[in-house]
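Lifted from TrEMBL, the feature list:
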DOMAIN    1-113  domain 'CUB'
DOMAIN    111-149  domain 'EGF-like'
DISULFID  CYS115-CYS125  disulfide bond
DISULFID  CYS139-CYS148  disulfide bond
Amino acid sequence: FRLTEPSGYLTDGPINYKYKTKCTWLIEGYPHAVLRLRFNHFATECSWDHMYVYDGDSIYSPLIAVLSGLIVPEAPGNETVPEVVTTSGFALLHFFSDAAYNLTGFNIFYSINSCPSNCSGHGKCTSSNSIPSRVFCECDKYWKGEACDIPYCKNNCGSPDHGYCDLTGEKLCVCNDSWQGPDCSLNVPSTESYWILPNVKLFSPSVGRASHKAVLHGKFMWVIGGHAFNYTPS
C-alpha cells in the first residue's frame, strides 16, 4: 500500500489478521520531514509475527524498529500511546505472520510534521521560527519535555503541607523541613531512595567522582552514586 496523505491510518483490518501474511506500507512525505507513527493498538503473536519499520522508502533504509507481541498504553487516552519517529520523510512498514497463530493485529496512526503525543494535553503545537515546516510543543506552565509530558513539580509538591512548587528559579519542588524527595513525598529521615537530576555546569569540580555507575541512554549519560573528591589538603 502506498500512502501519500499528510496523515492517516494503516491497519490489518477489523478482525484478526490472517495466517501467513506479508503486507507492506510505504508512507511518502517529503525529504527530511519528521514522520510520527502512533501505535494505538498492537497485538501479534510474540516472537513469531513481526512488524518491521524502516526510516526510508525501502528495506535498504535504516531499520529503526521491530515490533512483536503486545503494546499497551500505560493509561487510557492518546497521551501514553507509543510512537516511532522517522526523519527521512518516508517510512516503510512490513508485516509478516507465520502459519500457526494470529491475534487482533494493529491500528497505527501516522502524521507528517506533527507534535509528539499531541503535546500530551499539556501544551500547544507551534510552528518553528527557524524551520517553518517543523513544529514543536509549547508547554503549559507546570510542564516540560519534548511532548510536555514531564511535570516540573509532581503532585504539586504536596502543597501546602509538604512543600511548594518554585517556578521562579530552577522550577522544582522546595520541601518543608519534614519532607524530602523530588515531589516532597518522603519523610525526613527516610529509608527510601529516590532519583535526582542535578544541574552541573561544564568543568565543574563536582563532576569528578569514583566508585560510581554510569549508564548511556541515547545522547545522555546517567551517573549514579559514587564519591566526589572536591577538596584536597593542599
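Quick reminder: no glycine exception, Cβ is built from N, Cα and C everywhere.
It is CYS148 that, of the disulfide-bonded residues CYS125, CYS148, has its Cβ surrounded by the most other Cβ atoms within 10 Å. Model confidence over the domain 'CUB' (1-113) stands at 89, taken as the mean pLDDT rounded to a whole number. According to DSSP, the domain 'CUB' (1-113) comprises 3 helix, 54 strand, 56 coil.
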